[in-house]
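Written below as structure tokens is the structure these notes are about.
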Amino acid sequence: MKLGLIGYPIAHSLSPWIHNQLLDRHEMTGAYQLYECETDRFANKVEEIKAENINGFNVTVPYKEQVLPYLDELDEAARFLGAVNTVKVVNGRLIGYNTDGIGYVASLVDRYADAVDRSKRVLILGSGGAARGIFHAIVKQGVGKIDLANRTIEKAQKLIDDFAAHSVSEALSLQEAEDNLAQYDLIIQTTSVGMAPNQEQTPISLSGITKDTIVSDIVYRPMKTDFLKEAEEKGARLHYGHGMLLHQAIYAFQIWTGKSTDASVMMEAFEHKLKGV
Ligand code: ATR
């Protein structure tokens, strides 16, 4: 299997570690390589990767949207999201997928089996690419109420409007969300706030949450953000961001190879790796 990742910068990516582990676990030969490239070389790089007869590759920042014109086909999630994180090469044809949203839901359900059933009321903080993927995947789970809060409220409204069928969703300011936290069962933090090196910041205060709320943060560096620390002090149930990273990779690997993997068998080693970098 010839696999890889295209993006910039990617030198510190954990994807090679995850995919090389997956190759080993499934006793497959091959390698997962980094194809780091700056914007002006992106088109050449895609051609280069294709010419190498690669089986599949991941796409990350800043190319998840930019890769679309090079693809021959898109799956439903990638089409809706307008963004691709996984490409499978079949007889020279490039097929685009997006496993971020389903990876997120899988990591959440792994930890809390009841997290996204129909009765749940969900709040997503942020309205960027990550929020979009998660919103899409949670709508697919049949969750009844999903509100979006964002610094730029118009972007939250735009995302809701793109899901015309999901009319019960509301767009909120971060302040409005903070003032009404008790009504949510699950709060998902998708903004870049709290990410190293600005790890002392949080997007909203959690003083209004109730005890059984699940608080989820997709930031994984640091693993326990200040947002999650505050949630823990309030007695909330915590969900960490690194699980999404592992699960989106497992889905990508499955798309390329047909092999499925139980994430729990890799989680301990992955956490160890994450702490060491
Ligand atoms: P990603 O693909 O990781 O979602 P993105 O598309 O750039 O990245 O989205 C970043 C999100 O973090 C947005 O919701 C952004 O809010 P705006 O839409 O108002 O820009 C949010 N964000 C980034 N910095 C923030 C800050 N300092 N305070 C609040 N929200 C912030």
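Using N, Cα and C of the backbone, Cβ positions are placed for all residues, glycine too.
Here the structure is a predicted model, which means the values were calculated and not measured.
Quick look at what TrEMBL annotates:
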type	residues	note
DOMAIN	5-87	domain 'Shikimate dehydrogenase substrate binding N-terminal'
BINDING	Ser13, Leu14, Ser15, Thr60, Asn85, Asp100, Tyr220, Gln248	shikimate binding site
ACT_SITE	Lys64	active site, proton acceptor
BINDING	Glu76, Gly126, Ser127, Gly128, Gly129, Ala130, Asn150, Arg151, Thr152, Ile153, Glu154, Lys155, Ile218, Gly241	NADP(+) binding site
DOMAIN	118-192	domain 'Quinate/shikimate 5-dehydrogenase/glutamyl-tRNA reductase'
DOMAIN	241-269	domain 'SDH C-terminal'
Integer average pLDDT (0 to 100) for the domain 'Shikimate dehydrogenase substrate binding N-terminal' (5-87): 97
What recorded positions among Thr60, Lys64, Glu76, Gln248 have a C-beta sitting less than 6 Å from any atom of ligand 1? none
Do you know offhand how many angstrom separate Gly129 (NADP(+) binding site) and Ser13 (shikimate binding site) by C-alpha? 19
Surrounding the recorded shikimate site, with Cβ no more than 8 Å from the Cβ centroid of Ser13, Leu14, Ser15, Thr60, Asn85, Asp100, Tyr220, Gln248 and those residues left out, we find Asn58, Leu245, Ala249
Nonlocal neighbours by CB distance (under 8 Å) for Gln248 (shikimate binding site), same chain, sequence gap 6 or more: Asn85, Thr99, Asp100, Ile102, Gly103, Tyr104
Sequence gap of 6 or more, C-beta under 8 Å: which same-chain residues meet both conditions with respect to Asn150 (NADP(+) binding site)? Leu125, Gly126, Ser127, Ala131, Ala156, Ala171, Leu172, Ser173, Leu174, Thr191
Alpha-carbon spacing, Glu76 (NADP(+) binding site) to the residue listed as 'active site, proton acceptor', which is rounded to whole Å: 15
Please name the residue among the binding-site residues Asn85, Ser127 whose C-beta has the most neighbouring C-beta atoms within 10 angstroms. Asn85
Record lists Glu76, Gly126, Ser127, Gly128, Gly129, Ala130, Asn150, Arg151, Thr152, Ile153, Glu154, Lys155, Ile218, Gly241 as binding NADP(+); longest Cα-Cα distance in Å? 29
